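These features come from Swiss-Prot:
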| type | residues | note |
| --- | --- | --- |
| ACT_SITE | 745 | active site, proton acceptor |
| BINDING | 693, 694, 695, 696, 697, 698, 699, 700, 701, 702, 703 | ATP binding site |
| SITE | 557 | site 'Transition state stabilizer' |
| TRANSMEM | 662-678 | transmembrane segment |
């Protein structure tokens, strides 16, 4: 073979290997970085004009000079610092790089001194707007993005296309500016993104809080990303479905300039002194640093401190130009907020990272999981950060043994891939525009867009956490009798059940089994296992196993009929579902309570004798991005001799959004104190384990509240009627959590019975009976995968609109009754008498919209209510809408007619539905029941509480119902969105038959094909908390 032929063959093999990068599976636990490295190393002897990477020399120069345009997001320094590493290698290879950024020049020029680096100070996105170092303002972030990138979009695209042509750019790189990808496509230049997250995923959460009218922002961002050729994905990544192809690389980390010894010598710090670096991204921290914050003998190096900030003697202010990677590597641990830069450097230099959560940033759970997997992370509660209670966290951090051994040359490898692509590799074959390529995607509860046919790449740890909570879509709806019996026997072996009965409930037996395993976890802290879920470790030390434990259970609910009409006084029909929340409670004398180390430090700092402390562990934190534990001194609930107000409690729990969930649990204690005069003298340990998935519209919050209050009441000998307990739990959600829900959720969870519908008139909470579900009728819930929240903007605005409508109706009725108004309008007393003065008087004092009949509404008020009204206009005319749990935003326009009309008609539909359930069995009966569900669904949509996912599910049910091949044996008859709407679960009614279940599974698969999400199916029922009672148990000590 000739020399030329040999070279050509080697070239072809190398090209095939490089091309295979695009086909590699999602990178897990960094193992794949070795595969990438071997491919790259195999190219080191390729043709001279091609690039190669040498272990010592980095990216070698190509004979083809290239011009790169590198766009950097405006969010923080972390993106800019990792871009430096990639740019440094590109410039070393002889290319020009134009960096488009809003970051200060020194971030780049301190590392790269080359005329080939060009910096253009332009900001084309805004990232997340932060109120301070730890708090993201979600609405402000969306508004700022609109102002920065949406309003001037046409001008931006025109300017960027012109600029790209002017610099003769060969290739565009984005980290991770959306519009840059579209600008590159318009300029006819190929582009690639380099990132660990994308802004469509981050903003999808903000849309939920700000309202779905902002949804177009997410769609546009995804469409922009879809124009790039592929994604170079960094470790700790989020799902990013808008990208066509993915190449995974190792960590991109800034190189070290000096050794630990050199840095400490320059700073005058001895080798044996423990050092923590305080690193919050250069943002002002806003708290007072105290000498007592550190353990004795420690020093703290402060990054980004203002010139005027006075520091205690054991704190050292670092120079503005201090090179942070060297300082981190020379420290014993780091204290800061999680971001890609801090996490990657902590892992690379094996420096334990004490982190404080940021609010509302979806990137964080993925980075946090990676940090904790490699034994490199300790979470600090925000309260302890601000109060200076750092010692237990720092001491815990230096006991860790970080074990990350993966690659840290991601910048080098990314530069290699970019150069290879720019000189002609991986040419794009798909010339369709991004908008035509993308399809709907539902990912981790958010509505996004995806490239069809590509794996969405949900991280394995997330799926595992879902399965552990019993929330897997593939989980079996029933437990076989023999399996159930073995579970019962097993839990009886583990515990003496001193009071109560498990009632054959398999989930209760499973919970008791998990309780029995906790003391094993506690005793095996020296376990050789690489990673134990943090919440399990915390739960392992929660209970004293020699003392009694009280267990309560409360199910979620399926909203069959009624929904949001509950706060307007409607009749509702609710079914308790199979999935439930379990809560275990134990009382302890304060002196004998096992306290977590930071709780001990807090009490010692106060210099007080042991006082009652509440400690809570909640399972499922990994999939809901919240802290797994919460603790407080119960004295914090007291103001002198009286309990604090609900308003103060709401502010107390809102201080740290990562721990706001505790309001649902701990709030039950304060309600008992305020409403029943209970005082708590003992410490309380409480474990929450809920299989009712959050954000699905099946009342996960009510199940937690009811189970928590039931268990606490049982442990303290309080006997509370189930109805009264439900009303108390509603106060938790309304007044302490601050969510404007009605009472039907808590009432169903507390008073419901298995396989029956709870019928209740919400005025405010009159249970009118239990309705037997006929044997031939069955209800299912199908989860749309879209997170739902009654605290969201859409639910709240619809409630405000309904109360506005009620106030207007009352005002109109009063006006008609007024003699002066009647004569002014040309009316006469006889006409008034014909209409019915009693009727008008009742409407003038209308307590609930549902007490107004549909025909009366249409005859007198429908054409007089406005479709929309500005909040300020309403307040000027009517003063207030008389709703104790919502506030009118004067600058916002509210829909009025649809939200007011909905409960009036819904109440009529529910009454009809209830009557139909007791009518003769027939297809007409089922058809009528289904028709009422459809009516309800479209009424929700008219109010603005629909969603693409729930609409799609209802359409799939309709298609199944009207499919000719199914018409002879019709099984599904109707479907509707449930609860607060805007996502969540769809309720389906059908014939109780095997064919119906098969059709439900078929809908599940069709939905997955359309959205990439396999929905949960809720079927079956279980008893409410009142019917279950409680268990009083004691651990059996094995001999």
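Glycine residues also receive a Cβ, built from the backbone N, Cα and C atoms like all the rest.
Keep in mind that this is a model prediction, so the values were computed, not measured.
Mapped onto this structure are the features recorded in Swiss-Prot.
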{"residue": "557", "record": "site 'Transition state stabilizer'", "contacts (Cβ under 8 Å, 6+ apart)": "574, 575, 576, 577, 698, 699, 702, 744, 745, 748, 749, 752"}
{"residue": "697", "record": "ATP binding site", "contacts (Cβ under 8 Å, 6+ apart)": "559, 788, 977, 978, 979, 980, 981, 983, 984, 985"}
{"residue": "703", "record": "ATP binding site", "contacts (Cβ under 8 Å, 6+ apart)": "554, 555, 556, 580, 581, 690, 692, 749"}
| query | So which one is it: of the binding-site residues 693, 695, 699, which has the fewest other Cβ atoms within 10 Å? | reply | 695
| note | Between the recorded positions 701, 745, the one whose Cβ has the fewest other Cβ atoms within 10 Å is 701
| request: Show, in sequence order, which residues other than 693, 694, 695, 696, 697, 698, 699, 700, 701, 702, 703 on the same chain lie with their Cβ within 8 Å of the centre of the Cβ atoms of the ATP site. | output: 556, 692
